[in-house]
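Quick look at what TrEMBL lists:
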- A:91-157: domain 'HMA' (DOMAIN)
- A:174-197: transmembrane segment (TRANSMEM)
- A:209-230: transmembrane segment (TRANSMEM)
- A:242-259: transmembrane segment (TRANSMEM)
- A:271-288: transmembrane segment (TRANSMEM)
- A:426-445: transmembrane segment (TRANSMEM)
- A:457-480: transmembrane segment (TRANSMEM)
- A:745-762: transmembrane segment (TRANSMEM)
- A:768-785: transmembrane segment (TRANSMEM)
Amino acid sequence: MSALLAEAAAPAAESPHAAPAGCAHCGAPLPRGEARFCCTGCAGAHALVAGLGLDAFYRRQETAAGTLRPAEGAPETDFAALAAPGKGGTHRLELMVSGLTCGACVWLLEQALAREPDVLRARASLSARRLTVEWRGEAARANALAALVARLGFRAAPWSPACLRATEDAEGRALLRALGIAAFGMMNVMLVSVAVWAGGDMGEATRHLMHWLAALIGLPVVLVAGMPFYRSAWRSVRAGRPNMDLAVSLGIVATTAMSLSETLRNGEYTWFDGATALLALLLAGRVLDRAARRRARQAVAELLALQEGTVQRLRPEGGAEACPAAAIRAGDRILLAHGERLRLDGVLESAEALVDTAATSGESLPRLVHQGEALAAGAVNLGDPFTLRVTAAAADGSLAAMARLLERAEQARGRFVSIADKAARFYVPAAHAVALATFLGWWLWVGVSWQAALVPAVAALIITCPCGLAIAVPAVQVAASGALFRRGVLVASATALERLASAGHVVLDKTGTLTEGRPALLEEPGRPASALRRAASLARASRHPLARALVAACPDAPPAPEGVVEVPGQGLRLAAAEGEIRLGSAPFIGLAQEDEGLTMWLARPGLSPVPFRFADRLRGDAAPTVAALRGLGLEAELLSGDAPPAVEAAARAAGIGPWQARATPEGKAERIAALSVDGHRPLMVGDGINDAAALALAHVSATPEGATDLAQTAADLVLRGEGLGALPYAIRVARRAQRLARQNIAFALIYNMVAVPCAVLGYATPLIAALVMASSSIIVILNALRAGQVKTQVKT
Amino acid sequence: MSALLLLVPLALFLGGLALLLFLWTLRSRQYDDLDGAAARILYDDLPSQPRDPA
């Protein structure tokens with residue numbers, strides 16, 4: 001994977017925007033005036049690495065620029081509670097480490113931790129991003145060790161059950177075990193079979209011995225290695241929907257039974273080689289397919305783990321403790337720090353609070369909440385820390401209700417029939433009918449013994465046994481999702497690509513999906529620069545998003561003067577020498593004017609008020625993406641919970657025709673359902689909790705990287721890295737994959753049309769069957785490899 | 001013919017040994033972090049040895 005990521009990182013490093021020499025630690029472009037480091041965090045990290053004598057890291061690392069920039073602010077999680085006590089006073093901590101993208105990172109992390117005198121063992125897994133540290137001493141050391149990881153520039157999060165589910169792949173391991181056994185069986189049976197094929201002058205007794213040897217190896221192998229197929233086939237029989245695995249299972253069992261009968265009567269050939277080779281080939285396809293999807297699942301789990309954390313519960317007797325959200329009961333009081341996301345429903349106990357409810361309602365403006373008002377889980381605290389009383393435990397709250405809704409929607413979508421299963425539906429009965437007819441024809445019509453009649457019948461079965469067919473679709477999937485993974489598109493569901501290829505309509509959410517989700521200052525030609533500097537300097541005292549945007553627009557503003565007072569939800573005031581300076585909403589500075597929402601005013605004594613207008617800026621790639629989607633034949637529409645003017649402006653700027661504002665979560669889901677009923681096959685793109693139901697209901701869904709965890713769980717695709725811009729590419733890859741899957745299926749069918757008459761007439765020998773099987777599989781796989789070769793359109 | 005009596009069991013024994021070895025590697029989770037293993041081999045520093053807790 002490191003190679004893949006290095007490949008992905010290469011364009012970033014070569015881009016002309018990057019300064020020739022990046023930050024000495026993280027490699028990000030340097031801000032003006034800085035010589036070596038982009039921030040103090042990086043300087044600290046570099047000093048730490050150098051102090052440990054691990055400078056070699058910088059020669060070896062292959063991470064993307066900016067990945068290893070230490071996050072500002074100390075981590076809020078209390079890791080001590082997560083440390084598991086071991087034998088002899090030792091403790092063990094498992095962490096999910098984000099930013100662990102190359103071998104050098106693993107090396108740095110392990111070496112840096114090993115330098116701690118009390119650390120017994122530190123082991124990082126590159127594919128799972130999992131770090132296991134064991135140390136002797138108290139559990140409280142966990143926080144110091146996690147802080148060390150953070151200081152190096154990695155982001156550590158508790159190893160969550162979701163991570164474990166994504167990594168602990170018992171079924172995948174069972175498949176790999178079956179593949180090993182089948183490969184062993186295939187090669188050893190072949191050893192005997194080649195002797196039989198080549199030994200025309202072999203004596204009867206020797207041949208009988210060979211047959212028995214093949215049976216001795218073949219029977220247990222077929223029994224054990226075929227289990228994954230038999231299980232799936234049995235499930236499909238019970239569900240009344242024959243799938244490809246049923247055909248595979250029947251083919252293998254029939255071949256084995258016929259070979260056993262041939263062994264008993266010392267026939268000319270046995271077919272154990274065919275049965276085991278078929279198993280090995282099919283299992284190899286399965287293992288590859290699973291590995292590709294596991295990688296995507298792990299990446300999604302990593303994103304989710306970063307959002308998980310603990311809740312600060314206020315003890316009745318005073319003081320706060322960190323505990324997991326699941327342990328909080330209704331009636332408990334919790335403290336929400338600045339910037340933290342609320343995980344439970346509650347009623348505000350503090351006097352007021354400024355919260356961002358974009359995730360639950362889609363509103364782009366922060367809201368001032370007063371004491372006694374209810375707050376739904378998903379809101380983010382933008383102001384000072386506040387306390388609230390929890391009204392529902394996590395399992396009964398609004399998030400859990402939404403999760404249950406998602407589950408139901410998922411089940412409904414589980415009924416989607418993939419192209420491989422569609423092909424199996426008509427193919428399997430046809431293949432079995434041909435085999436049966438061959439058997440009856442030889443036995444009753446030609447008049448050979450029933451054992452002899454079995455041979456051509458089973459030969460027909462094994463040749464039709466959809467080797468090419470069963471590999472045709474997974475091989476394409478592997479190649480396509482691998483290509484998408486390299487572009488940062490994570491494909492979480494097995495049928496997602498097929499559904500994406502057939503999507504005909506795209507529904508976009510506004511806040512956070514089409515827009516950046518945070519306001520930015522609009523340029524205004526007549527505005528004096530001194531006013532901006534003054535306003536930005538005042539704004540440094542506030543954490544309100546508009547104030548933040550003001551500071552971002554004027555980064556070299558002087559620090560906030562002493563004595564700035566913030567009036568929550570209204571503005572800032574400063575008693576300066578020349579009189580009172582105010583920065584805030586229109587009513588706050590005494591203007592009778594209607595408040596226009598995203599506007600701030602600066603009032604200075606003796607000067608006319610200066611307005612600062614803000615807008616939630618459209619993402620740079622929004623308009624080109626919508627245009628590209630239209631080029632692909634997808635009509636776009638905007639569906640947002642925000643106020644109509646903002647939605648209309650965004651729709652016009654992005655070039656989207658139909659738009660709907662003030663859409664509730666139910667309203668969004670209904671719109672998606674209506675589109676589906678009309679046969680439009682909607683592709684839903686959204687990021688909020690209010691989008692989750694719509695995402696799960698849609699024919700196919702995608703979510704940008706920074707989305708809420710609920711949205712990421714609900715969506716089929718997570719657009720990491722390039723964001724929206726990768727969507728048209730993903731659709732092109734999906735369509736190409738679909739085309740190749742169809743070609744592969746057609747090819748496998750044509751192959752059968754030639755080979756089956758040969759088998760039915762009794763000309764097929766195990767050698768011919770083996771050649772047919774191997775050659776068709778190779779051709780199908782080679783064709784599938786073309787799935788990743790979609791030309792990247794010139795990006796804007 | 002007598003050669004077969006020796007060679008065939010020998011071949012099967014060796015093959016079986018390899019199979020057992022494979023099952024052991026699988027059980028001891030050597031396939032869990034293939035990316036890490038591929039990168040790790042490039043560094044000739046001593047790996048962070050598990051120190052004896054005693």
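Every residue, even glycine, has its Cβ placed from backbone N, Cα and C.
Taking pairs at least six residues apart, the transmembrane segment (A:426-445) and the transmembrane segment (A:242-259) share three or more Cβ pairs below 8 Å and count as touching. Contact between the transmembrane segment (A:745-762) and the transmembrane segment (A:768-785) holds: at least three of their C-beta pairs are under 8 Å, each pair 6 or more apart in sequence. Pairs of Cβ atoms less than 8 Å apart link the transmembrane segment (A:271-288) most often to A:174-197, out of A:174-197, A:209-230, A:768-785. With a threshold of 8 Å between CB atoms, the same-chain residues lying at least 6 positions outside the transmembrane segment (A:768-785) that come near it are 271, 273-274, 277-278, 281, 459, 462-463, 467-468, 471-472, 475-476, 478-479, 740, 743-744, 747-748, 751, 755, 758-759. Mean per-residue pLDDT, taken over the domain 'HMA' (A:91-157), amounts to 85.
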